[in-house]
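If you look up Swiss-Prot, you'll see THR2 marked as phosphothreonine, on the strength of sequence analysis. Marked as N-acetylthreonine by Swiss-Prot on the basis of sequence analysis: THR2. Sequence annotations record features per position, and here Swiss-Prot assigns transmembrane segment to 29-46, 118-133, 142-156, 197-218, 274-288. Look at Swiss-Prot and you will find HIS118 tagged as chlorophyll a ChlzD1 binding site, backed by sequence analysis. The pheophytin a binding site annotation in Swiss-Prot covers TYR126 and is backed by sequence analysis. The feature site 'Tyrosine radical intermediate' is assigned by Swiss-Prot to TYR161. Summarising the annotation, Swiss-Prot assigns [CaMn4O5] cluster binding site to ASP170, GLU189, HIS332, GLU333, ASP342, ALA344 and lists sequence analysis as the type of evidence. Annotated site 'Stabilizes free radical intermediate' per Swiss-Prot: HIS190, in sequence order, evidence recorded as sequence analysis. Annotation comment: Swiss-Prot describes HIS215, SER264, PHE265 as quinone binding site.
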Amino acid sequence: MTAILERRESASLWARFCEWVTSTENRLYIGWFGVLMIPTLLTATSVFIIAFIAAPPVDIDGIREPVSGSLLYGNNIISGAIIPTSNAIGLHFYPIWEAASLDEWLYNGGPYQLIVCHFFLGICSYMGREWELSFRLGMRPWIAVAYSAPVAAATAVFIIYPIGQGSFSDGMPLGISGTFNFMIVFQAEHNILMHPFHMLGVAGVFGGSLFSAMHGSLVTSSLIRETTENESANEGYKFGQEEETYNIVAAHGYFGRLIFQYASFNNSRSLHFFLAAWPVVGIWFTALGISTMAFNLNGFNFNQSVVDSQGRVINTWADIINRANLGMEVMHERNAHNFPLDLAVVEAPAVNG
């Protein structure tokens, strides 16, 4: 009898836990994805803060030349970063227990891999949690779909690119100047500015900013007057009101006359779908471009493609970019190799005798 009661209490406790996890009445929705999201993001955030403040220098290139990234080792907020895991580790899974000591783990950049792996699980769980909450509320799933764009971008630079290049040391450092360094080196090695998927990403980000500003300014400029001159226009809206707060016909007429008629949406639903889809698709393409360049399917190469009748090269902007790429590549990992990879792979001329 006691065993039966204990089983009932246990089942009841589990049932109450399940109900609490999936309840939409909580101030913050947890969800089953949240059960994974909370510990992984807390771990990633905690280790990031500790490592950013106090991590010792990391031998990023695997040549016994440690690079300092933390505040206590001479950096500031702008120059500081979590240094990627050492090239000596490559793509090996490198948890703390795989190192001979904690000092060795820190020297080889173990915190970077720990942070990236937990962060990846956390943001994927956050995306799943968005879908889960939408499902429970009877909403459509497009919020999670939109969030998949930054998830894809983060996955590309932190996971796919290191896999393609053969080492986590090629991943993006977790810091401001480290991010810029990653961008410069990426351009030098892959000519990303000449990759069409990057161009689509630029169009998505800047186009999304433009469309967001246009939409916000049009709506703000065509609000239906509900207040006096002495009140804020924002007081004219009450949360949950049924009537429209702005005149879409006026906004449509203005923009149609400013550009041309068919440049303006006359359907609010299709307009907002467009505002969501444009940057999302652009960032998807950028993430796809990073993932292909990870395996050295690089941007277009138009170097020395224009010549005169005598066969002499007429430089174009492609040649200027190529010269800049070589200069940046020379300065990258300058103690790990003596020449840019583009020059190092050229065969030496044959010597007779």
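The backbone N, Cα and C atoms fix where each Cβ goes, glycine too.
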Tertiary contacts of the transmembrane segment (118-133), as residues 6+ beyond its ends and Cβ separation under 8 Å: 24, 29, 31-34, 36-37, 40-41, 43-44, 47, 139, 141, 143-144, 147-148, 150-151, 154-155, 158-159
Integer Å distance between the CA atoms belonging to SER264 (quinone binding site) and HIS332 ([CaMn4O5] cluster binding site): 48
Candidates TYR126, ASP170, GLU189, HIS215, SER264, PHE265, namely the binding-site residues, that fall within 10 Å of TYR161 (site 'Tyrosine radical intermediate') by Cα distance: ASP170
Outside the transmembrane segment (142-156), six or more residues from its ends: residues with CB under 8 Å to it: 119-120, 123-124, 126-128, 130-131, 134, 276, 279-281, 283-284, 286-288, 290-291, 294
Surrounding residues of the transmembrane segment (274-288) on its own chain - C-beta under 8 Å, 6+ positions past either end: 142, 145-146, 148-150, 152-153, 155-156, 197-198, 200-205, 207-208, 211-212, 215, 265
Sparsest-packed among the recorded positions, when each Cβ's other Cβ atoms within 10 Å are tallied, from TYR161, PHE265: PHE265
Residue from HIS118, TYR126, SER264, PHE265 whose C-alpha is spatially nearest that of GLU189 ([CaMn4O5] cluster binding site), among the binding-site residues: HIS118
Largest tally of Cβ atoms lying within 10 Å of a Cβ, found at which of the binding-site residues HIS118, HIS215, HIS332: HIS118
Residue among binding-site residues TYR126, SER264, PHE265, GLU333 with Cα closest to the Cα of HIS118 (chlorophyll a ChlzD1 binding site): TYR126
Other C-beta atoms that fall within 10 angstroms of the C-beta of SER264 (quinone binding site): 18
By Cα-Cα distance, the member of binding-site residues ASP170, HIS215, PHE265, GLU333 nearest TYR126 (pheophytin a binding site): ASP170
Cα-Cα distance linking ASP170 ([CaMn4O5] cluster binding site) and SER264 (quinone binding site), given in Å to the nearest integer: 45
Of the recorded positions listed as HIS190, HIS215, PHE265, the one whose CA lies nearest the CA of GLU333 ([CaMn4O5] cluster binding site): HIS190
Cα distance (Å, whole number) from HIS190 (site 'Stabilizes free radical intermediate') to ASP170 ([CaMn4O5] cluster binding site): 13
